[in-house]
């Protein structure tokens, strides 16, 4: 039996910047948060530079690239301006996401099938630059297969619908969404894609999904920043890391 790969924790620091921007100025500093998360055990940092700059700013991305010791995952819409910025910063990875100005957060997965003609050149440019590309998509077979055809090295499965169904106490819907995630992760791995997951994850759902052996990275932000208000960011990262390790141990023990 092949060895189960370790599970990485990427901490999304967007909402440190949300708090900062509520009053303007430089406090709290998202780069300081990133450094604290890494010190506590984060394997990487995720930040989303939105077109409207509602939280993370250009200078934040530049400082993150310069100051953190772990990989930077640059979330972005695949627009010409964002592609230019990302190529200039040269993060370890980019995650291409859909984006609408009126949304509170990223509401759905990228339509890779419908946007394949526009996405292909951006993916190729990042591949040529040595920047690892992931596509934030639903666990839909057509989207997964197109991601592989476009030569994206990785996908990030959108876990929001599953997490929302659990929060809303809709067990039938949660079970259906979970089946899609399980099948999607297996299909993606079979297609040669590295599999990540994220959106809406908390301690309970992170522990559950950590048991899927195909998934090698979880990107978690909003829940952790909320928990950090009560116990501190370092303690939250340590608790999430321990939670993920418990879930992963179930794979190893199986």
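Any Cβ shown, glycine's included, is placed from N, Cα and C.
Annotated features in Swiss-Prot:
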- 48: active site, proton acceptor (ACT_SITE)
- 75: active site, proton acceptor (ACT_SITE)
- 199: active site, proton donor (ACT_SITE)
- 12, 23, 200, 221, 222: 3-amino-2-oxopropyl phosphate binding site (BINDING)
- 14, 15, 50, 55, 105: 1-deoxy-D-xylulose 5-phosphate binding site (BINDING)
- 156: site 'Transition state stabilizer' (SITE)
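The Cβ of residue 23 (3-amino-2-oxopropyl phosphate binding site) lies under 8 Å from no Cβ of any same-chain residue at least six residues away in sequence. For the recorded positions 12, 55, 156, 200, counting C-beta atoms within 10 A of each C-beta gives the highest total at 156.
Taking a C-beta cut-off of under 8 angstroms and a sequence separation of 6 or more, residue 221 (3-amino-2-oxopropyl phosphate binding site) has the following same-chain neighbours: 11, 12, 13, 14, 15, 46. Around the Cβ of residue 199 (active site, proton donor), 25 further Cβ atoms fall within 10 Å across all displayed protein chains. Annotation note: residue 14 (1-deoxy-D-xylulose 5-phosphate binding site) sits in a helical segment as assigned by DSSP.
Per-site Cβ counts within 10 Å over the recorded positions 14, 75 peak at 75.
For residue 50 (1-deoxy-D-xylulose 5-phosphate binding site), the same-chain residues that are 6 or more apart in sequence and have a Cβ closer than 8 Å to its Cβ are 56, 77, 99. Note on proximity: of the recorded positions 156, 199, 222, the one nearest residue 55 (1-deoxy-D-xylulose 5-phosphate binding site) is 222, by Cα distance. Of the listed recorded positions, namely 15, 48, the sparsest CB environment within 10 A is found at 15. Proximity to the residue listed as 'active site, proton donor', judged by a C-alpha distance within 10 Å, picks out 222 from the recorded positions 48, 75, 222. Spanning the listed 3-amino-2-oxopropyl phosphate site, residues 12, 23, 200, 221, 222 have a farthest Cα to Cα distance of 26 Å.
In terms of C-alpha distance, the listed recorded positions 48, 75, 156 place 48 closest to residue 222 (3-amino-2-oxopropyl phosphate binding site).
A separation of roughly 11 Å, to the nearest angstrom, links the Cα atoms of residue 156 (site 'Transition state stabilizer') and residue 75 (active site, proton acceptor).
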